[in-house]
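Report on the structure given below.
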């Protein structure tokens, strides 16, 4: 899936004279060999070194570095929830079944949770670069955003791993049932992210997988209602999964450990929910979106007169994620008459 996203995006992007793409057959071969993501990372590293070597980096080079890093950040997020999170759930399920774990295994589990939360923070910081005013995400806001994702994520992974350990034959049905519901919900929101309808369904399927574990916004407008529905849905499902363990007569070998982990997971969930509310109440920005920053991949111009690369995909998601200011949402933009620019 990661290689498919990378390949479709590269094909959809307009050709840049600043960094030409390889021929179509070479591009396809790179992704067949699972090297598409690595190719993007090499591109980003090369552009970053180019900017670093300049005493005063040009506006075009900085914009193109942002363009590359935005795609890399989102691909890393997809890889995190399509690969790392299911692997972490499997490891936890095996440990719960065996009833024992070495210290290095606990260290590995903790670093995996940190890596998943870090990918979410990196994606959020990438979205913040798409804001028209480009405000920096401060250290305090980054810490709070990282913590509430971590504190809400690990209880969810724990209960899914618990259900996997108890019912290894039914966990696939549980995932498939919830995934279909979430996929239908994403479809109802009318996503328009990928360049063609077939690849759009790949995006919706990936988003539904992310929503199985964590919140991911895909639609424009106020997200409070959708986020509340998703949180209540996951909370009820997690409670049902936890109740299945309590109702079992044959407990797992790690039952004593679970008697401490489940109350701790509940406390972490409440703390993470409080941090999430605090973040969206005081730290989540609303902004004014300039129309020309979202229309076209190469719609802006630098001071030198060259057109600046603009990552339309991530700018579209940022527009969904960061709402317009309340005093600006009902006002027409300058240069707009009857909704026409």
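From the backbone N, Cα and C atoms, a Cβ is placed for every residue, glycine too.
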Segment assigned the feature transmembrane segment in TrEMBL (from 49-67, 68-86, 201-219): 201-219
From 141-163, 302-324, the residue range that TrEMBL assigns the feature transmembrane segment: 141-163
Segment assigned the feature transmembrane segment in TrEMBL (from 27-45, 103-121): 103-121
Long-range Cβ neighbours of the transmembrane segment (231-251) (under 8 Å; 6 or more residues past either end): 155-156, 159-160, 162-163, 166-167, 174, 178, 215, 258, 262, 269, 273
Range from 103-121, 170-189, 201-219, 257-279 with most C-beta pairs under 8 A to the transmembrane segment (141-163): 257-279
